[in-house]
Amino acid sequence: MNGIPTPTVDIQWASDAPDAPDETHLCEWVRHAAIAAGGVVGDITLRIVDEEEIRTLNRDYRDKDAPTNVLSFPFEMPEGLPEGAMDPLVGDIIICAAVVRREANEQHKPLVAHWAHMVTHGVLHLLGYDHIDDDDAIVMETLEIRALGELGFPDPYSPAQQESQAQPENTELNP
């Protein structure tokens, strides 16, 4: 992909998610988000979970006792290991299929577009981007909008997108 390094992606299905995108799309979106951020070498795990698992993780790691859409856990090298002692690990992205589905319905967004957004959002968090303050949010959202646009998806932050039920071109879940 234009010489920009992309991660290896491992998909874990810890929950039934019959309306989730297939692994080909999920991997494509992870890699595309990594390219939008300048590229990354290493392994990324994308785990699809139920509300109970994501609620537990959100409670244990963020002190928020509620399910959420996506969590990202960057890999931290254990102390004492020499540089290069392990294959490069980027980290884990956890997505709750039920929350993504519910949010897409509530926000009147095509489900596939919301999935692509959550995958992209999770990758950018994994790579160190956040939206805690306004300046950081602008940087992160700009990357998300650009990456999703290149994939044929509309701006997820546009009020028009939240009112649209139109399916973007080239984005069927199972072509």
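Glycine residues also receive a Cβ, built from the backbone N, Cα and C atoms like all the rest.
Copied over from Swiss-Prot:
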type	residues	note
BINDING	His121, His125, His131	Zn(2+) binding site
COMPBIAS	159-175	compositional bias 'Polar residues'
REGION	154-175	region 'Disordered'
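All features noted in Swiss-Prot, drawn onto the structure.
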residue : record              : Cβ neighbours (10 Å)
His121  : Zn(2+) binding site : 25
His125  : Zn(2+) binding site : 19
His131  : Zn(2+) binding site : 16
>> Residues other than His121, His125, His131 within 8 Å, Cβ to Cβ centroid, of the Zn(2+) site?
In response: Val70, Ser72, Gly122, Leu124, Tyr129, Asp130, Met140, Glu144
> Hey, does DSSP put His131 (Zn(2+) binding site) in a helix, a strand, or just coil?
Replying inline: coil
